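Reviewing the structure listed below.
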Amino acid sequence: MATPDVNFKIQDEGRLAELGYTQELRREWSLLHNFGASFSIISVVTGITTLFAYGLNTGGPGVMTIGWIIISMFTLVIGACMAEILSSIPTSGGPYFWAYMLAPQHNAPFFAWITGWFNLLGQIAVTTGIDFGLANLISTTAEVSNGYHPTPGKTLGILAVVLVSHVLINLFSVRTLRYMIYTSIILNTLGISCLAIAVLAQAPTHKNAKFVFSTFYDGTGAKPHEGWSTRASPAYVAAVGVLMSQYTILGFDASAHLCEETRKAVRDAPLGLLSAIAGSSVIGFFLIIALLFSIQDFNAVRTSPLPVLKILTDACGEKGGLVLMVLIMLCVWHCGLFSLTSNSRMMFAFARDGGIPHRLHLIDRGFHSPIRTVLFGASCSFLLALPSLGSTVAFYGTTSIATIGLYLSYGIPIAMGIAYPRNFKRGPFTLGSASKPLAVVACLWIGFITVVFCLPTENPVTSQTLNYTPVALSVVGIFAFGSWFFWARYWFTGRCRHHCRICIRQLDFLGEEMVYRSDTAGSDGHQRLKSNEGTNDGFQPSDPDFRKRGDSRGGLKKAGDQKISVGREFEVYSAPAREYEEVGEM
């Protein structure tokens, strides 16, 4: 291994050990892999294809295009705030561990618990929504093309097959997933770009720019009832309609959950997160305008069971449309694959800290991956889809928690950083003076979409048109808060004490290893790194003042440093001192 690679390896493992954890997953992912995972989970073609009919009927083309631009900007703000925290606290726990580190010490476990459960259930719902959407795409395409008659049971069977395929890929190894990421990136960039170009080139006629960027359509009313633009206002319909875009650009916290497998994590994981959002925004906008410009009959497309397939077949013929639809299905399949991967890593970290049964945290030494959380996540996703057998409305009400659940879990640590800035020691990626204003904007936007996503989208409101999101959100909230006050607050500490003891030895070892490789061992023969002040400040568990000096430990001074110090050199990026206060006898 080259010396720079060794140095970065020690930097990554050193920062993780400072946060209280040993390196258990294999660091084989680069910036491209980290970006590819989040980019694949966002997979704009997945959200756009499954929610295109919703967008056409809830605001129309004008809201879809302008709304996409607005949503992309606000999501980039949220992503920038998350990237800044990720650079400081690079662990697989992601938002829940960020909340733990940034909250005041006496409330840290509470915020970690609430954030963790919103993030966990949101991730399960996202995996369910993606794979169930793929099952519906397969069923509807088969129905339109050859007269196949789908039933809820058949669709659930297709979902089971899709989930099993994702589990099998995740069981092989991290290296296999790396190769799958290359395929996914190509499909979601070159593949979707070629699809958009082909549709534009083959469409017999094209809509004008006024139709694409300014046409407003309100299809939220069931005849003979008026739509919400008449009953309330067009602004109401526009606000509800942009949620198609917000739901699509989701799941980019995968860059955080996979950071313990990413090399140079304090630098590359934040860049992977931001570039995934930016790349998805550009590709998604190009795809939306290509589809809208290529519409031949607006009413026929709007009322079609699968509007995107209707646009493709009108432009490229039945066979051409089916080929392009298969391309879309492959993209959605990859989206579900990496959603399960991200979900399993979050569960791995949450189990490591005791949020869910600890045995789920174990790593299979043959596959080098948390197989138990892979199986557990897939099983939970399948169980969440079971309500679709009796009520599709109830199912969509349950899975709608994905957007709110995940964005709330993103917002809590951002809010903690605003409220308690002294606990936030920034890493190599920083927003500088713009950090606090952008964090405020991010929190306000998350609060706004949380309210809007709970509003009814169809008129009149009946048992079949009611937006069940508030019900689903209430169930999750009652569970998270109730379980804390009646149960978890007596034992959940926010992190595993066992790992805090191990990390002391790990830091000491890493210090010795870097001294050995950089030839800076002390003259007394002890391989201890010296501090910038010239005094021996190595990590020695026997030091009686060790716990008191926790505030002097922290992250990397610069992502590109060729050597590290586990002494005072980390001061700029140190995490709160309490991360060392839990070291003691078990």
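In case you wondered, yes, glycine gets a Cβ from its N, Cα and C as well.
Here TrEMBL flags 544-562 as compositional bias 'Basic and acidic residues'. Taken from TrEMBL, the feature region 'Disordered' applies to 520-562. According to TrEMBL, the feature transmembrane segment maps to 35-56, 68-90, 110-134, 155-173, 179-201, 271-295, 322-340, 369-387, 393-416, 437-456, 468-487.
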Does the transmembrane segment (35-56) reach the transmembrane segment (155-173), going by 3 or more CB pairs under 8 Å (6 or more apart in sequence)?
-> no
Honestly, do the transmembrane segment (68-90) and the transmembrane segment (468-487) touch, with at least three Cβ pairs under 8 Å and pairs 6 or more apart in sequence?
-> no
Determine whether the transmembrane segment (468-487) and the transmembrane segment (110-134) share at least three Cβ pairs under 8 Å, counting only pairs 6 or more apart in sequence.
-> yes
Is the transmembrane segment (437-456) packed against any residues at least 6 beyond its ends, judged by a Cβ distance under 8 Å, and which are they?
-> 74, 77-78, 80-81, 228, 236, 239-240, 243, 246, 400, 403-404, 407-408, 410-411, 414-415, 417-418, 431, 465-467, 469-470, 473
Count the CB pairs under 8 A between the transmembrane segment (369-387) and each of 110-134, 155-173, 179-201, 322-340, then give me the winner.
-> 155-173
Mind pulling out the one from 110-134, 271-295, 322-340 with the most Cβ pairs under 8 angstroms to the transmembrane segment (155-173)?
-> 322-340
Check the transmembrane segment (271-295) against each of 110-134, 179-201, 322-340 and return whichever range has the most CB pairs under 8 Å.
-> 179-201
Folded-back contacts onto the transmembrane segment (110-134), same chain, C-beta under 8 angstroms, at least six residues removed | 41, 43, 46, 49-50, 93-100, 103, 155, 158-159, 162-163, 166, 250-251, 253, 329, 332-333, 335-336, 339-340, 342-343, 346-347, 350, 353, 355-356, 377-378, 380-382, 384-385, 388, 395, 398-406, 408-409, 412-413, 416, 476, 479-481, 483-484, 488-489, 492, 494
Grab the same-chain neighbours of the transmembrane segment (179-201) for me: Cβ-Cβ under 8 Å, and only residues 6 or more beyond its ends, written as numbers and ranges.
-> 32-33, 35-37, 39-40, 43-45, 169, 279, 283, 286-287, 290-291, 293-294, 311-312, 315-316, 320, 324, 327-328, 330-331, 334-335, 337-338
